[in-house]
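Take a look at the structure below.
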Amino acid sequence: MILIKNGRVMDPKSQRDQVADVLIDGKQIVKIASAIECQEAQVIDASGLIVAPGLVDIHVHFREPGQTHKEDIHTGALAAAAGGVTTVVMMANTNPVISDVETLQEVLASAAKEKIHIYTNASVTQAFNGKDVTDFKALLEAGAVSFSDDGIPLESSKVLKEAFDLANANQTFISLHEEDPQLNGVLGFNEGIAEEHFHFCGATGVAEYSMIARDVMIAYDRQAHVHIQHLSKAESVQVVAFAQQLGAKVTAEVSPQHFSTTEDLLLTAGTSAKMNPPLRTQRDRLAVIEGLKSGVITVIATDHAPHHKDEKAVDDMTKAPSGMTGLETSLSLGLTHLVEPGHLTLMSLLEKMTLNPALLYGFDAGYLAENGPADLVIFADKQERLITENFASKASNSPFIGNKLKGVVKYTIADGEVVYPN
């Protein structure tokens, strides 16, 4: 048993926000009250700390199978726990791609060994070929939670329409990475800084928002649920809002890097700041924050994308892989760039990092209640920390190394067990 004493208990589902004690027995919260005594429990003094549901991150890359020099499911789980994250959804762009039941079962068997809750998407198309839709029914029955070809866009509208119909028939949804390659230049560099500093055509805004426009309208026609991943452009927020007003079933996520910083970071952080979609302009950054405030964007998800340091340390930045490690900085970036400046309340930030992503997938997570799951994070919301290369992840490709950020995770509890510090 674990007894958490005197913490500020914040639950986005009930909107509870009060200093209270929380008693955990086994994998459940058994009591939340102003004062609880329990002689046999391990006591955690949470005085002055926030006690919240464990974070739910629905967009991570754990690189297993096939790319375990970058990350694996075990180190990914450790990184999640260090960041206060107790539930994750992995993407299918592994090697081999999670397109068939056999690969899916191998991945889930590895995930089951970890102490946090690890789910995975399967791919929309066979080995990401963009043509042949996978067997949604068989993959769902084998444990996939939804479908995405994340990492690359789905170019064929005909295939997308077929996939939406299949998703509807199987009561699931599709998540999409929106960057039209026919309208894009070099990926990972926003068009402005690409032209001005690097003298080539970069990743354009129109490649993102035109593809979102196409896909939300096909979803509208098919009455299918589409989830837009890591949108980064001001116009993208407006397109999603328009589709939602029409009555389309559209949800959207933003990654912490896109509300925290801009394209200029490429000049100082180098390849660590190279990602798809790229860091954009200040106008775009403020627009995605407005999207979070208005409710157009309901989910914050990291797109945790670890890479080996040698892969990022190339002389030609265009040859470096895109992506950054994000699980261990996401809460701090939200506290520093959304709560501290007054864009979101702490409760609203927590809602977008816990309850909303859990509701999207139907997970029993993202809330604190008696008889509910004992998945919690305990953190100091105002305490500052210096971001260093010492991550639990195998990777250290973060453009935020050297930054002072608010928010220090003190304990992460998953299934009633302290998983951080471990």
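Heads up, the Cβ atoms here are built off N, Cα and C, so glycines get one too.
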From D150, D165, D180, D415, the one annotated by Swiss-Prot with H59, H61, D303 for Zn(2+) 1: D150
Same-site residue for Zn(2+) 2 (record: Swiss-Prot; known: D150, H177; options: H74, H230, H258): H230
DSSP-derived class (H/G/I helix, E/B strand, else coil) of H59 (Zn(2+) 1 binding site): strand
Entries of F62, R63, N93, D303, H307 which, being recorded positions, have CA atoms within 10 angstroms of H230 (Zn(2+) 2 binding site): D303
Separation of alpha carbons, H177 (Zn(2+) 2 binding site) and F62 (substrate binding site) (Å): 17
Which of H59, R63, H177, all binding-site residues, has a Cβ with the fewest other Cβ atoms inside 10 Å: H177
Per-residue Cβ crowding (10 Å cut-off), top of recorded positions D150, D303: D303
F62 (substrate binding site) CB neighbourhood, other CB atoms within 10 A: 31
Spatial neighbours, same chain, of H307 (substrate binding site) - Cβ under 8 Å, 6+ residues apart: K70, A320, P321, G323, A395, N397
